[in-house]
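Let me give you the structure first, and then I'll get to my questions.
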Amino acid sequence: MRETFRTHMGWLHSWVGFLGGLVLTAIFATGTLAVFDKEITQWMQPEVVLKANSVTATPVALHHAAETMQAEQQQGRFAFITLPSWRDPVIRVLHYDGHEFIGPVLDPIDGHLFPARQTAGGQFFFDFHFALRSGPVLGCTIVTILGICLLVAIGSGIAIQIKAMWPDLIVFRPFGARPRAWLDAHLITGVLFLPFLIMITYTGTAIRARGILPPHPLLVARHSEQTAQKADDRPKGGRKAAAQQTDLLPPPLAPLIAEAKERLQTDKCELILFSKTEIRIFRSDEASLFLSRDMVSFSRADGHYLGTHIQNGAAAKTTQLIHGLHYARFSTRLLLWLYFVSGFACTVLMASGLVLFLIKRRKNAGNRIMFRLAEGLTLATFIGLPISIMGLFWANRLLPVNMPERLSAETDVFFALWALSCLHGVLFSILKKPLIGWQLQITALAIMAMGVPALDICSQTHSWLHDATRYYVLDILVFLLGLSALFSLTILKRRSV
Amino acid sequence: MVKPASPGTQPASVSARTKKAEKRKTVYRRIGWLACACVLAYVAAHFAVITSLQWGGEENRIAVNVGEVIATALLPLLILVAYGARTYKWGLWLALVCCGIGAVVCRGLL
């Protein structure tokens, strides 16, 4: 058997791409949705009324926010405040529940609490994207390793296709023979979005690189430092002691925010953290491409200025740039849409790669059980994931607003649907009826996706006249997904005849 | 009467079996080579991070972040070179040399 450079790289690309791609497709899909995490959260909390002009919080609203934060801290939660921004013009008092940042939402004008339903919102996709909902250690490590796998797959893909890059860029035959159409889709998205794919994969992996690179002395030192700080910050003696120590309301926040803006030389501050002794006000992530954690500290007791922390220098700027490019929080709306479209194209790239892998091996290995399993899993990734996302939206509108443990019920619906899709796919594949499996799941996707706007209209949980853009956009996008599923179904049925 | 096989030819089943065994052997060899490439690339990347610790000065944490950024780029690149260049037999040697240099730099011998 003659072994050439291209056969080596082809083998590496196929196997690393397929095995990693099964999870990476889901990571990219959820990452793409996480670009609009705030907007999805707003769609999922229709009780929150957004006023586009209210991007600055009034002193009254800040006072109410401080009270709410204090009440949260007295319950033993590490609560903090996010200030209104152009994408999310409300005040949020958030805490980390192990997966998402959730908490009460306040009006930035008068500070009243919105009776918002408990939901994971867009944060769910963010958490799944970077930790597969398996926590910051295991989940992040798996995602980072997969990031390296993707970089290897990209490199090997470039190596085998470098000579034909220009033809790949302009040739797309969607109505050609089946392998040809899938290969064209794979190549055109791969070549066209290659710079974005490399940038987003590299920055994402570099951000979490500490998870896979071996421990070193600094890590130990830092860990012990953080543990000591946490122990210092968290009151001893449990919740009772916590309540005693956070009894004092922090000083008025409005003057502190104004001073922080002046010291940081910015017009936007977004995040306010409260430790036992300090109030830390951070520069907004939207302020610049460099995602810094520049902040000003004030005393929690009387609000006097304690210090400013600004990181400059080439090394710090490099890290900030990597974070900024990946999180894209500096973006204008147009740039956010570009991230979204590029992320979607990369998801299509990976999904088409999975299908290509199966098509190429069907003739020789089609009867093997591993092939059948791979086919079922591909179906669950390709169609099952969008079905379960639609299920999450359905659950958000159908579950009672005041239901206890509502958040986990929503996410349970998501995972139950995904598991069901996986079982269904594997079963039909083992029964040697994969085409029927695909048709059934695509039908389910079309019905569920086209049902979301109808459900949104029927539930009438929000005013369609007041700031309804977020509803229109999501509903239209989901409807288009349903239409494209319907179109794919007709093509699939025509081919099966 | 059984007709003897002509010299230089084998029955089809034997040929297919040999071909299958050869293919399996090739795949095992590829996996082994890839595993070696991964280990060596990982060790080299690890040394890159450790080296950044020594050059960090006072702002050690930021220097380590940059070390991680470099190591993240180095890791897939070395895997690709070490595995891909096996056609020309120098892939693993290159990765091994990178590890050696990393080890020497880390020990402060340079």
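Using the three backbone atoms N, Cα and C, a Cβ is placed for every residue, glycine included.
Nobody curates TrEMBL annotations by hand; they come from automatic prediction.
Residues annotated as transmembrane segment in TrEMBL: A:12-36, A:136-160, A:181-202, A:336-359, A:371-393, A:413-431, A:443-465, A:471-492. The compositional bias 'Basic and acidic residues' feature in TrEMBL is assigned to A:225-236. What TrEMBL records for A:225-244 is region 'Disordered'.
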Check for me, if you would, whether the transmembrane segment (A:371-393) reaches the transmembrane segment (A:136-160) - at least 3 Cβ pairs under 8 Å, residues 6 or more apart in sequence.
no
Could you name the stretch, out of A:136-160, A:336-359, A:471-492, with the greatest number of CB pairs under 8 A to the transmembrane segment (A:12-36)?
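Result: A:336-359.
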Can you work out which residues elsewhere in the same chain, 6+ from the ends of the transmembrane segment (A:336-359), have a Cβ less than 8 Å from its Cβ atoms?
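Beyond its ends, the transmembrane segment (A:336-359) has Cβ neighbours at 14, 17-18, 21-22, 24-25, 28-29, 31-32, 35-36, 178-179, 182-183, 185-186, 189-190, 192-193, 196-197, 200, 328, 371, 374-375, 378, 381-382.
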